Amino acid sequence: MLLWTAVLLFVPCVGKTAWLYLQAWPNPVFEGDALTLQCQGWKNTPLSQVKFYRDGKFLHSSKKKQTLSMGAATVQSGGQYSCTGQVMYIPQIFTLTSETLMVQVQELFPPPVLSATPSPEPREGSLVTLRCQTKLHPLRSTLRLLFSFHKDSHTLQDRGPHPELCIPGVKEGDSGLYWCEVAPEGGQVQKESPQLEVRVQAPVSRPVLTLHHGPTDPAVGDMVQLLCEAQRGSPPVLYLFYLDEKIVGNHSAPCGGNASLLFPVKSEQDAGNYSCEAENGVSRERSEPKKLSLKGSQVLSTPTSSNWLVPWLPVSLLGMMVIAAALLVYLRPWRKAGPLPSQIPPPAPGGEQCPLYANVHHQKEKDEGVVYSVVHRTSKRSEGQFYHLCRGEMPAAQ
């Protein structure tokens, strides 16, 4: 009787933990491993009413089973575990508690990181390579990782062994949020990368400049608005306004679109050639110039193809007059000067007027005679007009 009393007193004094201990396997445990806990009595002493705890909080209980399957381990599965169980020492039953077991689940591989080469802001038309990077734990380096790539809400490439994805000739439509996913072959662990925003930089198109003012040319004191717009190009877009080659204003469009410049006309110096320029870090384009004139100014508000003729018109007219005068001198009939005869023959029969022109024959000594003719105009006898030649000779000089 004394012996059984000593045994009963000895069991509690041995310590509650010496008769019960907790094990976890596999050891070490990694993400995705099937984590199992086992509560065992000293020398495999049968246990009943086994209970498991993590960080002092109850997890699970079983009347007869001494093991607990935790499923696929995650980093969050780690913690301080313990168990309790009942041991029967006839005629009494003792409840024993194990020591605390620290379980640390090791990371199989870190979350992947997605990068874009040469840049997450590539120029339109260039080649972009997406790279999904991570690394296995040295103790599990024999595992094979599979990679998949995604954009916004759809999959670009299903799981495969290649950690890179090439996008040739990117366009503005390729802009968006990209991410990748990594999982071991046959495993239950999968990790996603943080999202990477890719913004394809498209060059700006040639902007169009529009001048807005009243229905007539503005005068000093009136307001003029310059509106500049590039139809395409990645924002932000910076607009510059020029008068001739001097910058008169600028405006930034963070989300793209147009920009305007409103100013009052102060003097005639505000008239001239206006243009605008669009620039977005990828390209720079200049608009066609627009000419603005003020009331009373000779600067035209809209250039025409015939304006260049105006300064040359007086010169052209002067040249034509010179050419006409030269032709008149060249084509004028030549005649030799001499005295007209003193006697004019009588009028021709029928009252004809004669002469209109006269040829006079003048004889000098030892010289050949010069004949002067007289031309008479006859009356109209038929449909045509006829000219009658009246001839006469002057007596030789004495």
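Glycine too: its Cβ is placed from the backbone N, Cα and C atoms.
No curator has checked TrEMBL annotations; they are predicted automatically.
Features of the protein shown, as given by TrEMBL:
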- 282-291: compositional bias 'Basic and acidic residues' (COMPBIAS)
- 12-84: domain 'Ig-like' (DOMAIN)
- 111-197: domain 'Ig-like' (DOMAIN)
- 207-293: domain 'Ig-like' (DOMAIN)
- 276-303: region 'Disordered' (REGION)
- 1-17: signal peptide (SIGNAL)
- 308-331: transmembrane segment (TRANSMEM)
Mean predicted confidence [pLDDT] for the domain 'Ig-like' (207-293): 93
Three-state composition of the domain 'Ig-like' (12-84), taking helix and strand from DSSP: 8 helix, 41 strand, 24 coil
Helix, strand and coil counts within the domain 'Ig-like' (207-293) (DSSP): 3 helix, 48 strand, 36 coil
Three-state composition of the domain 'Ig-like' (111-197), taking helix and strand from DSSP: 6 helix, 43 strand, 38 coil
